[in-house]
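Engineer: Annotations for this protein, taken from TrEMBL, read as follows:
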type	residues	note
DOMAIN	13-214	domain 'YjeF N-terminal'
BINDING	ASN61, ASN62, GLY63, GLY64, ASP65, GLY128, VAL129, GLY130, LEU131, ASP132, ARG133, PRO134, TYR139, ASP157	(6S)-NADPHX binding site
BINDING	ASN62, ASP124, SER160	K(+) binding site
Amino acid sequence: MIHMTESISVATAREADARTINEIGIPSLVLMERAALGSTARLLNGDFDLTKVLIVAGTGNNGGDGLVVARLLHVRGIDVTVMMTGDPKKASPETAQQLKILAYYGITMQPTTTDIADYTTIVDAIFGVGLDRPVAGRYADWINAINASAAKVLAIDVPSGLNADTGQPQGATVKAAVTSTMAYPKIGFNQSTAQPYTGKVVVEDIGVYLANNS
Ligand SMILES: NC(=O)C1=CN([C@@H]2O[C@H](COP(=O)(O)OP(=O)(O)OC[C@H]3O[C@@H](n4cnc5c(N)ncnc54)[C@H](O)[C@@H]3O)[C@@H](O)[C@H]2O)[C@@H](O)CC1
Ligand SMILES: [K+]
């Protein structure tokens, strides 16, 4: 029996991912695909204006989820552009693989800029549960530009900059309309401080379950 409504800490989320990949043997790329299928379904449910979509992706696996969303929208004929934050040469193995796939499809990559006012929807895939320090510098500039845009924002897993354990912003933090979170809600989302950043929280079943559920 799966109970995906209980909230979990970042450490538990990371343990559950690692157990699923390393002990059960479901490849990380499979989980990434399922994560992105979940987020893409939220984007396609009619609540978002998908006329012109920007995916802002970091180099970790949260960014990889975002790159898969870019592909899934592109193959449906949606106008999608990707902006990578951080150095793509430092991408995680899964995210590097997704970058190769995007190149195959010829998906538009735009240089990093704060000039992103021209989009109807922005997907925030900069940081997820891997956030390990306050957001500052250029990352803060990009996050502030996302928040200043009129676009509706969907955050993947965690609004970038939000501490998913405490529910407190760690420097500049994305304000999302919807947070498409993976496997289970994170405990910090229950704090009143988190709600202006998460917006509505929706949970995606990606095949990762707590040990007592599988
Ligand atoms: N294979 C897996 O473990 C899965 C991971 N998933 C996704 O992957 C995410 C976790 O991926 P990662 O562990 O790669 O971590 P993230 O992608 O959340 O971020 C890690 C990267 O951000 C950098 N970073 C952290 N805080 C920063 C700051 N304040 N300023 C600048 N850089 C900063 C780190 O140095 C690291 O390079 C989840 O939130 C979820 O979206 C999902 O695809 C499901 C499966
Ligand atoms: K995010």
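Here the Cβ of each residue, glycine as well, is placed from N, Cα and C on the backbone.
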Engineer: Going through the binding-site residues ASP65, TYR139, SER160 in sequence order, which have a CB under 6 Å from an atom of ligand 1?
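Structural biologist: Passing the 6 Å Cβ check against ligand 1: ASP65, TYR139.
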Engineer: Helix, strand or coil for ASP124 (K(+) binding site)? Use DSSP.
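Structural biologist: Note: ASP124 (K(+) binding site) is in a strand by DSSP.
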Engineer: For LEU131 ((6S)-NADPHX binding site), just count the other CB atoms lying within 10 A of its CB, please.
Structural biologist: 24
Engineer: Do you know which of the binding-site residues ASN61, ASN62, ASP124, VAL129, TYR139, SER160 end up with C-beta under 6 Å from ligand 2?
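Structural biologist: ASN62, ASP124, SER160, in sequence order.
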Engineer: What average pLDDT does the predicted model assign to the domain 'YjeF N-terminal' (13-214)?
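Structural biologist: For the domain 'YjeF N-terminal' (13-214), the model's average pLDDT rounds to 97.
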Engineer: Same chain only, sequence gap of 6 or more: which residues have a CB within under 8 Å of the CB of ASN61 ((6S)-NADPHX binding site)?
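Structural biologist: The list for ASN61 ((6S)-NADPHX binding site) reads SER28, MET32, SER92, GLU94, THR95, GLY128, GLY130, given in order along the sequence.
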Engineer: Tell me the Cβ contacts of SER160 (K(+) binding site) under 8 Å, same chain only and six or more apart in sequence, or just say none.
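Structural biologist: Expected: GLY58, ASN62, ASP124, ALA125, ILE126, PHE127, GLY128, LEU131, VAL135, TYR139, ILE143, THR173, VAL174.
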Engineer: Three-state secondary structure of ASN61 ((6S)-NADPHX binding site) from DSSP?
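Structural biologist: Once the DSSP labels are grouped into three classes, ASN61 ((6S)-NADPHX binding site) ends up as helix.
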Engineer: Where does VAL129 ((6S)-NADPHX binding site) sit by DSSP, helix, strand or coil?
Structural biologist: coil
Engineer: Beyond ASN62, ASP124, SER160, what residues of that chain have CB atoms within 8 A of the centre of the K(+) site's CB atoms?
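Structural biologist: Other same-chain residues near the K(+) site: VAL56, GLY58, GLY63, GLY66, ALA125, ILE126, PHE127, GLY128, ALA155, ILE156, ASP157, VAL158, PRO159, VAL174.
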Engineer: Give me the non-local Cβ neighbours of GLY63 ((6S)-NADPHX binding site): same chain, 6+ apart in sequence, Cβ-Cβ under 8 Å, ordered along the sequence.
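Structural biologist: The answer is ALA57, MET84, THR85, GLY86, ALA91, SER92, THR95, ALA125, ILE126.
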